[in-house]
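Read the structure below first, then the notes.
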Amino acid sequence: MGKSILLINGPNLNLLGTREPHVYGHTTLSDVESNSREIAASHGAVLESFQSNHEGAIVDRIQAARGKVDGIIINPGAYTHTSVAIRDALLSVDVPFIELHVSNVHAREPWRHHSYFSDKAAGIIVGLGVYGYKVAVEHVCVNFEEKEKGAKAAL
């Protein structure tokens, strides 16, 4: 059976394509999810996506992933800067994760510069627009393939 990836998007990412397009672009979350599933499938992996504006729902979904997914890609949105609960959930399931941000959070308001996830993430993708999702999925899939060959991989 192929590897399994969980793609999680946090608050306001359901508005991709319409919310501040000068910052986030015009591609919708539905397009991002569909493209991500296609990329994963091209590597023999399955990608499931989940989006919520609610911290507890994200925690619940991460906990439900324990033992069922091989990698997580998460764009925590504004929870990046506030959520110890999501951080703790990610650490509790023992699944490597990639932290992803569409915008360059380090070039924005100073309060956006701190992340509760970066120090525990297997990798961080910042400021590549929605192309960052492609990079994240490709990275996770290539690392799955490298691990199957016995090579040391980051995820």
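Every residue gets a Cβ built from N, Cα and C, even glycine.
The following features are taken from Swiss-Prot:
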- TYR24: active site, proton acceptor (ACT_SITE)
- HIS101: active site, proton donor (ACT_SITE)
- ASN75, HIS81, ASP88, VAL102, SER103, ARG112: substrate binding site (BINDING)
- ARG19: site 'Transition state stabilizer' (SITE)
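Structure with Swiss-Prot features highlighted.
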| residue | record | Cβ neighbours (10 Å) |
| --- | --- | --- |
| ARG19 | site 'Transition state stabilizer' | 11 |
| TYR24 | active site, proton acceptor | 18 |
| ASN75 | substrate binding site | 25 |
| HIS81 | substrate binding site | 16 |
| ASP88 | substrate binding site | 12 |
| HIS101 | active site, proton donor | 20 |
| VAL102 | substrate binding site | 24 |
| SER103 | substrate binding site | 17 |
Rounded distance in angstrom between the Cα atoms of TYR24 (active site, proton acceptor) and ASN75 (substrate binding site): 13
Checking your reading of the structure: which of the recorded positions ARG19, ASN75, HIS81 lie inside a 10 Å Cα sphere centred on the residue listed as 'active site, proton donor'? ASN75
Give me the Cα-Cα distance between ASN75 (substrate binding site) and ARG19 (site 'Transition state stabilizer'), rounded to a whole Å. 16
ARG19 (site 'Transition state stabilizer'), DSSP three-state class -> coil
On a C-alpha basis, identify the one among HIS81, ASP88, VAL102 that is nearest to ARG19 (site 'Transition state stabilizer'); the candidates are the binding-site residues. VAL102
